[in-house]
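Notes for the one structure printed next.
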Amino acid sequence: MSETTNTNKEKKPPLNGRRALPPNNSNDEENEVPEMEAFGLIPRGFNPKDYLRVVDINMFKEPHEINKQQHHTDKYYSPKLIVRRGQTFQIQIDFNRPYNPETDQFWLEYLIGRYPQQNRGTYIPILVGDVLKPGEWGAKITHKENNSIRLSIMSSATCIVGKFRLYVAVWTPFGILRTHRNSATDTYILFNPWCQQDAVYLDDEKEREEYVLNDVGIVFHGNINDIRIRSWSYGQFEENILDACLFLMDKAELELSGRGNPIKICRVASAVINSRDDNGVIAGSWDNTYTYGVAPSAWTGSVDILLEYYSSKQPVRYGQCWVFAGVFNTFLRCLGIPARLITNYSSAHDNNANLQLDFFLDDEGKVDTKITKDSIWNYHCWNEAWMTRPDLPVGFGGWQVVDGTPQETSDGMYRCGPASVQAIKHGHVCFQFDAPFVYAEVNSDIVYSRREKNGTQVIEKIDTTHVGQLIVTKEVGGDGMMEITEEYKFQEGSEEERLALETAVMYGVKKQTTQDTLYQPQTDVDMEFQAQKAVLGSDFKVTITLRNKSRNYYTATTYLSGNIVFYTWNPIHVRLAQCLFSFLFLPSASAFDVVIKSSEYMSDLLDQASFHFFVTARINETGKILALQKATVLEIPALRIKTQGEMVAGKEMSVTVEFTNPLKQTLQNVTLRLEGPGVLRTMKKEFRQIPTNSTLIWEVKCIPKRPGLRKLIASLNCDALRHVYGELNVQIQKP
């Protein structure tokens, strides 16, 4: 007997703390709902068929029917009903006989999760009434005909977002009769940017079409002097993507009752998008070795990544910042939260959040890599999500920064946000979440310092304008670039900017003062650095110019070092150039060139053909040091995409991808990818080799599903060449 008791004890789910029920944090799990719930003893003559009985339920769930059309959910490839909260939708119930409101009583029950409770919003009984109140659960009969009634149902504008199970319950004197479990009546409820009472309400229709309904976007990359663009397929409407996104919240163990709150959803999603501490969606890699995975540059969109994670439940390898941001954007738009992908050029990664990037120089003026821990990224991508912030004072709603790239921990996990863009601009970094880190990404100063032999620290240069020079996103309704720098910061050097900085310091951002260190810069000499634009595989020239604005004669000892780097400026141990030279310069400008040969860089090239140059010049007469750092990115050849045949939804068409190898070497083990939401699912093709100057041609047949303006996106990837892209806009006609 005792053994049986122990077994029962083991089967009980663990209760933690003061909970009456185990945690309800899985949308997938269900409870058993009785079809007959008796009030007591049932008399012998009782026959359920004598009472009102549900024969069928019509959900009007086809893309062309009223529900999906009115709720802007007709693009989702799903056979289930998908609606947005705070807005009415229609269903039809067929009974075994005409419904008589005098004698018959029925109601609807929506359930989510394994432990539904009315006070937690996971069990929702809806009685039929005469009036629907905006933004509150309710139902009313709009039409009666023969044995059928049509109901208009209003969902709450704050209800849980997820997949609900529907039951119809009928009252009898002896008990409640329910419909059996029918997955065909499952109803997905999403956020509603069209509903004024929803926390994600956005009042501009063109912005809603862009930030919620557009399933293709643009990633801006390269660097501040050479902005590159590539398309990214978000694919939020593709088959199984909605289920994959709901699974992410299960994976993050977000309590179902918290899933109506976009702040909570963004917070947990920014952690689960990366794999660092919770086996989340994407494993990051910044070391140029992508064995047993896909190179970050090879992905053309989010769909493959999310579907692979949904099926394997293991992190997908590999991602870098734009991949994390692309997948995060898909997640947000899929659930109905307006979202956009942001690029910050010259983005600071400030390890100790003191608004200062410390670069330590040795006696020769070289950067001491052993003690320099801060870094500047050519660019960094994150997301903005649109929502109200009732947890903050008025005025800090709107766009919120969320970032899934694992950089620093926040509350013990690798995550970032949501942080109010307004709060960052005005220096109110005390408002949750992670505002000081984002403030530092766009506002840090670069400080070059050198330690004297007697231990004193000498600051050689402070650059206050390099970081966060340009912040951009895709324009609404087009593929162009929209600058949003002024949404994050006031104009450099303005009174407002100084006030925002003082506010940030007052609220606890550490701002190191330079009073305890010696700082007397050389003001009568300027230094400039230019890198010639060049195509991958060719030699290029860099030019250093020193301008003497005084009447003095100076001599300078100049040091130039060049590294092959990732866009994060993480170097590999390959010096492109390392020159040390001295020269005399008169009261005018003096320039000299250094040629970088392709033979020096081709064998060690990293992902984005990116180089980082560091120049220091010591003015021998004064002992002062001038310092500059600059990134340059080489031109990478593009893929060409062509179509043949008429482009009509439901009819076969042909797509051709072409690429000519411009390098002086044969490309080995080349992978091509092609995708286009609504036109074709991702296709891959492997090529053993592409000899120098030869052209690869790959033809694909496909049947486009959706009419309208669509985009085809292709990528080519191999060890010697990455970040090769091509794209084509195609107009698919209606059949």
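Cβ atoms here come from the backbone N, Cα and C positions, even for glycine.
The model shown is predicted, which means the values in this text are computed figures rather than measured ones.
Within 10 Å of the C-beta atom of Cys321 (active site) sit 27 other C-beta atoms, taking all shown protein chains into account. The feature active site is assigned by TrEMBL to Cys321 (among others).
The Cβ of His380 (active site) lies under 8 Å from the Cβ of Cys321, Thr343, Asn344, Ser347, His349, Thr405, Glu441, each of which sits 6+ residues away along the same chain. According to TrEMBL, the active site annotation covers His380 (among others).
Among the features that TrEMBL reports, active site is placed at Asp403 (among others). Neighbours of Asp403 (active site), defined as other CB atoms within 10 A of its CB across all chains, total 30.
Under the heading Ca(2+) binding site, TrEMBL lists Asn443, Asp445, Glu492, Glu497. Counting Cβ atoms from all protein chains shown, Asp445 (Ca(2+) binding site) has 20 others lying within 10 Å of its own Cβ.
Summarising the annotation, TrEMBL assigns domain 'Transglutaminase-like' to 313-406. Residue counts for the domain 'Transglutaminase-like' (313-406) by DSSP state, with H, G and I taken as helix and E and B as strand, are 15 helix, 41 strand, 38 coil.
Here TrEMBL flags 1-31 as region 'Disordered'.
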| field | Number of Cβ atoms other than its own within 10 Å, given for Asn443 (Ca(2+) binding site) | value | 24
| query | Could you give the Cα-Cα distance between Asp403 (active site) and Asn443 (Ca(2+) binding site), in whole Å? | reply | 17
| task | Tell me the Cβ contacts of Glu492 (Ca(2+) binding site) under 8 Å, same chain only and six or more apart in sequence, or just say none. | result | Thr464, Thr465
| CB neighbours of Glu497 (Ca(2+) binding site) within 10 A? | 17
| request: Would you mind giving the whole-number mean pLDDT across the domain 'Transglutaminase-like' (313-406)? | output: 91
| field | Other residues, Cβ within 8 Å of Asn443, Asp445, Glu492, Glu497 Cβ centroid (Ca(2+) site) | value | Thr464, Thr465, Val467, Gly468, Lys489, Gly493, Leu501
